[in-house]
Amino acid sequence: MEKLTLTPISRVEGEINLPGSKSLSNRALLLAALATGTTQVTNLLDSDDIRHMLNALKALGVKYELSDDKTVCVVEGIGGAFKVQNGLSLFLGNAGTAMRPLAAALCLKGAETAQIILTGEPRMKERPIKHLVDALRQVGAEVQYLENEGYPPLAISNSGLQGGKVQIDGSISSQFLTALLMSAPLAESDMEIEIIGDLVSKPYIDITLSMMNDFGITVENRDYKTFLVKGKQGYVAPQGNYLVEGDASSASYFLASGAIKGKVKVTGIGKKSIQGDRLFADVLEKMGAKITWGEDFIQAEQSPLKGVDMDMNHIPDAAMTIATTALFAEGETVIRNIYNWRVKETDRLTAMATELRKVGAEVEEGEDFIRIQPLALENFQHAEIETYNDHRMAMCFSLIALSNTEVTILDPNCTAKTFPTYFRELEKLSVR
């Protein structure tokens, strides 16, 4: 297995322009495909998950032109449901941001009835999709599980979504609700979506609603408990370029490195960003970092850090970065209400606890929380960090190099899921 050893970094300094957001890129591509008109998507992320979405759209008959650097995509919208070839099988890797929304969109009524299969990597077959399928079936969708009940692969018929009242469990992933919301305007009649349990990751729903609005669809949001969507509508391509914001989750590693040991400015997101993970900077500020907000940048500067005890359900991806940042703070850090870490690219709670212990940390792993004790710079131990084919594990643990000890990252190329050039960018900012 390939490995990368990072030698100790004495300080980080500089500016980085963020690649496009994964969540926004795949939503933009799907909305552009369903819309009437042509959309020019700019600052698209070039990564595995986006490639899976693009390959799926091509197989579904969507025409697009991708620039040489793969960051600009001109999509010709099909103005409604996909024209599905019967028996087509789409392989979506481990891209949840492609699997969930496509599963809903492929239920929409096509001109000719057809069945399609959605599948992916072995890990995708372990990632739950039952809450979405249960909701889709309530509004008339025909979806079957091909292997294990509640998990992909799925066989989906494009027989239509009827609309009406539907209940969806919001406690595991907001992507299920996002998938249903994005397809609801193309249903046969109005849809009233009621959330069962507490909705996790609400800021990701804000992203979905904001982007649907950009493509001409308004949703009535009643305090995240009920959503009303008119049926028999159509998306309309927005005028001019459709800019994908920089990835706020990817910003977290650079902002944390600045807060621990230097000064880093990230551009491509700012105070007007629609991404919830921009609030990661507020957590760093609570820990003691100096944070500066601009219209299109956030800057983090080193200052003594102290541990925090916080509910981070609203920023689950960026919260992982707090787990490694906590090692450099004074006092313990507790990250709470993060059960959904367990259903991501890997079981991130167990993975994080296991790898933190390897570098010498004292960690308590609860069912939905993690408690981390800090380490003195000289007490970090050199370790080979297992990344579990999870891009965020690789990027989080790169921060260990800000101690007095080197760190070895196994399978560093797993960052290709969202940020193929991550280690190159980190190197540019590093002073040894």
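The count begins at 1 with the first shown residue.
Glycine too: its Cβ is placed from the backbone N, Cα and C atoms.
Binding of phosphoenolpyruvate is annotated in Swiss-Prot for Lys22, Gly96, Arg127, Arg348, Arg392, Lys417; the matching candidate from Gln167, Gln175, Gln299, Gln302 at the same site is Gln175.
Ranked by Cα separation from Arg392 (phosphoenolpyruvate binding site), the binding-site residues Lys22, Arg27, Ser174, Ser201 are led by Lys22.
In three-state terms derived from DSSP, Arg27 (3-phosphoshikimate binding site) belongs to a helical segment. Between the alpha carbons (Cα) of Arg27 (3-phosphoshikimate binding site) and Asp317 (active site, proton acceptor) lies a span of roughly 17 Å.
Comparing CA positions across the recorded positions Ser174, Ser201, Asp317, Asn340, the one lying closest to Arg127 (phosphoenolpyruvate binding site) turns out to be Asn340.
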